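Novice: Feature list, courtesy of Swiss-Prot:
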- Gln37, Leu38, Arg39, Glu40, Lys41, Asn69, Ser108, Lys137: 4-amino-2-methyl-5-(diphosphooxymethyl)pyrimidine binding site (BINDING)
- Asp70, Asp89: Mg(2+) binding site (BINDING)
Amino acid sequence: MAVDYSLYLVTDRILVGPKDFLLSIRKALEGGVTLLQLREKETNSREFYDIGVKVKELAAEFGVPLIINDRVDLALALDADGVHVGQQDLPLAKVRNIIGPDKILGYSVSSLEEALQGERMGADYLGAGPVFPTGSKKDAAEAIGLAKLKEIKAGVSLPVVGIGGIGAANLRVVKETGIDGVSVISAILSQEDPCAAAKGLVDLWRN
């Protein structure tokens, strides 16, 4: 499947509140989000699944692929388009064996060494970061900066998405590293109008 990585939204139900969660995602999709990741760190498996069913319907309505964060089992149960795993999750090669060759497999990296490992082990794309300090992830590592992001992109043949602290104010300089897209949370979901926020980011990326 051809994937547009340019504006990759990672969800945060705690940030927007359960009541406004689906509406915020709909507005973000209306604004031009090209890839969606469902990330649920604070819920049990059943609740995650129930939320996932609704989010998958929304993503399908807009023709946007749905990626599940970490939970390979739920990605399969939901028949999502793919799964994104990090350094502390199941080994990448094992995840690829489980999900098969056709699902999208994303991998979080913070160095060229990790990126090369991801490429060898069967990742379809890399999420590199955090590029800048971020408040959206409590467990975020130290920021890697633009130079290292550029190094990662230059060192692999896979699509690379910049993650962490990216928003309207710095998107242009991030794009100049040559990466294929940006992953955001608060730059869309913390804004008063997620649709307008997404449109603004799309315009910055394309122009």
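Each residue, glycine too, has its Cβ placed from N, Cα and C.
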Novice: Which chain-mates of Glu40 (4-amino-2-methyl-5-(diphosphooxymethyl)pyrimidine binding site) that are at least 6 residues away have a CB under 8 A from its CB, listed by sequence?
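Specialist: Long-range Cβ contacts: Thr11, Arg13, Glu47, Phe48, Ile51, Asn69, Arg71.
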Novice: Can you count the other CB atoms that lie within 10 A of the CB of Gln37 (4-amino-2-methyl-5-(diphosphooxymethyl)pyrimidine binding site)?
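Specialist: I count 22 other Cβ atoms within 10 Å of it.
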Novice: Only counting partners 6 or more residues apart, tell me which same-chain residues put their Cβ under 8 Å from the Cβ of Arg39 (4-amino-2-methyl-5-(diphosphooxymethyl)pyrimidine binding site).
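Specialist: Within the chain, Arg39 (4-amino-2-methyl-5-(diphosphooxymethyl)pyrimidine binding site) has Cβ neighbours under 8 Å at Val10, Thr11, Asp12, Asn69, Asp70.
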Novice: According to DSSP, does Gln37 (4-amino-2-methyl-5-(diphosphooxymethyl)pyrimidine binding site) sit in a helix, a strand, or coil?
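Specialist: For Gln37 (4-amino-2-methyl-5-(diphosphooxymethyl)pyrimidine binding site) - judged by DSSP and reduced to three states - the answer is strand.
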Novice: I'm trying to understand the geometry here, so how far is the Cα atom of Gln37 (4-amino-2-methyl-5-(diphosphooxymethyl)pyrimidine binding site) from the Cα atom of Asp89 (Mg(2+) binding site), in Å to the nearest whole number?
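Specialist: Cα-Cα distance, Gln37 (4-amino-2-methyl-5-(diphosphooxymethyl)pyrimidine binding site) to Asp89 (Mg(2+) binding site): 16 Å.
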Novice: Helix, strand or coil by DSSP: which one applies to Asn69 (4-amino-2-methyl-5-(diphosphooxymethyl)pyrimidine binding site)?
Specialist: strand
Novice: Let me know how many other Cβ atoms fall within 10 Å of the Cβ of Asp70 (Mg(2+) binding site).
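Specialist: I get 19 for this one.
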